[in-house]
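Below is one structure, written out as structure tokens; comments come after it.
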Amino acid sequence: MAAKMFYDRDVSLSPIENKLIAIIGYGSQAHAHAQNLRDTGLNVVVGLREGSASRAKAEQAGLRVASIEDATREADVVMLLIPDENQPKVYEESVAPHLTEGKALAFGHGFNVHFGRIKPPAGVDVFLVAPKGPGHMLRRVYADGAGMPGIFAVAQDASGQARDIALAYARGIGCTRAGVLETTFKEETETDLFGEQSVLCGGVTSLIQAGFETLVEAGYQPEIAYFETLHEVKLIVDLIYEKGFEGMRHSISNTAEFGDYVTGPRMVTEQTKAEMKNVLSDIQTGKFAERFIQDAESGFPFMNEQRGKMRDHQLETVGKELRDMMPFISKKELEV
């Protein structure tokens, strides 16, 4: 059975038209949510901690800014869009005391609710809306009159209207222009983490790095290795993004396509897939979440060590030099 997509024609804004929506945070996703909701004609306040460097940015965008406590106290819908590791503390100290019965608590990712790090009270609605793309792109496509696909889920329906509120919110940020799918907090959290770790971030970067190192160790110029293993990834991914595997293979040379079929299975073997299942198991059991939380609470020693190693890697130093020679690469669009 095909999943049902919800579009503008299926969704009414009425469940949130006369409500105040508090966006907690003003980072990559939060700035896009706040501005899109505002431009849809909805009432928005941005909640920021005292002294936040983001206050000026939000005010320059024409948004009203308040403390997290005041924003939560005033709002009917509270969307928590700060980093996962910071959410529980901010929630307990600044949100929970003002999250009275009848309000709605929302998330862009189900991590903290699914793993029990945030436990909302019984009298509030709890939902998530997750656009499937970065914040700067969510804002850009909205401003262009289009939308970004997304997903939504309801974890707690205290009012009997949580699903309608979630869908209305998705419409408010422009996602129903492209279509949204219904999911659960469990499914969103586990599949999102798995995709990031095994394919999108961990898988892709490890594959690129191994390919680059293989060529350089064999005596090839690092600059050539960079082009062949990293730079051209975007060209192929864009084709897959627009046309799928078949369309991509139709667009490349016969030599490249033949090599795809012959060598792909040597790179991603049954052993690789078995390890992917282990990765998924670590996510499902909460093992990954526990490791992430421990590192975060210790000041990220492991993650900072890995960042330092990669910062000094030849792939990064050569890449920076080459990218500086490419005026067609826009640095501004990647800023948050």
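Just so it is clear, glycine is given a Cβ too, placed from its N, Cα and C backbone atoms.
Annotation comment: Swiss-Prot describes HIS109 as active site. With a cut-off of 8 Å between CB atoms and residues at least 6 apart in sequence, the same chain places ASP84, LEU128, ALA130, GLU188, THR189, ASP192 near HIS109 (active site), listed in sequence order.
Mapped onto three states, the DSSP output places SER54 (NADP(+) binding site) in coil. Sequence-distant contacts of SER54 (NADP(+) binding site), defined by Cβ-Cβ distance under 8 angstroms and a gap of at least six in the same chain, are GLY25, TYR26, GLY27, HIS31, LEU48. Summarising the annotation, Swiss-Prot assigns NADP(+) binding site to TYR26, GLY27, SER28, GLN29, ARG49, SER52, SER54, ASP84, GLU85, ASN86, GLN87, GLY135 and lists sequence analysis as the type of evidence.
Taken from Swiss-Prot, the feature Mg(2+) 1 binding site applies to ASP192, GLU196, supported by sequence analysis. Listed in sequence order, GLY202 are the same-chain residues at least 6 apart in sequence whose CB falls under 8 Å from the CB of GLU196 (Mg(2+) 1 binding site).
Per Swiss-Prot, Mg(2+) 2 binding site is recorded for ASP192, GLU228, GLU232. Spatially close to GLU232 (Mg(2+) 2 binding site) yet at least six residues away along the chain is no residue at all, judged by Cβ distances under 8 angstroms.
SER253 (substrate binding site) carries neither a helix nor a strand DSSP state and counts as coil. A 10 Å cutoff on Cβ-Cβ distances gives SER253 (substrate binding site) a total of 8 other Cβ atoms nearby, all chains included. Taken from Swiss-Prot, the feature substrate binding site applies to SER253.
Under the heading domain 'KARI N-terminal Rossmann', Swiss-Prot lists 3-183.
According to Swiss-Prot, the feature domain 'KARI C-terminal knotted' maps to 184-329, an assignment based on sequence analysis.
Taking every protein chain shown into account, GLU85, ASP192, GLU228 are the binding-site residues, and of these the Cβ with the most other Cβ atoms within 10 Å belongs to ASP192. Across the structure, SER28 (NADP(+) binding site) and GLU228 (Mg(2+) 2 binding site) place their CA atoms 30 angstrom apart.
When Cβ neighbours within 10 Å are tallied across all protein chains shown, the highest count among the binding-site residues SER28, GLN87 belongs to GLN87. TYR26 (NADP(+) binding site): 28 other CB atoms within 10 A of its CB, across all protein chains. DSSP assigns GLU85 (NADP(+) binding site) to a helix.
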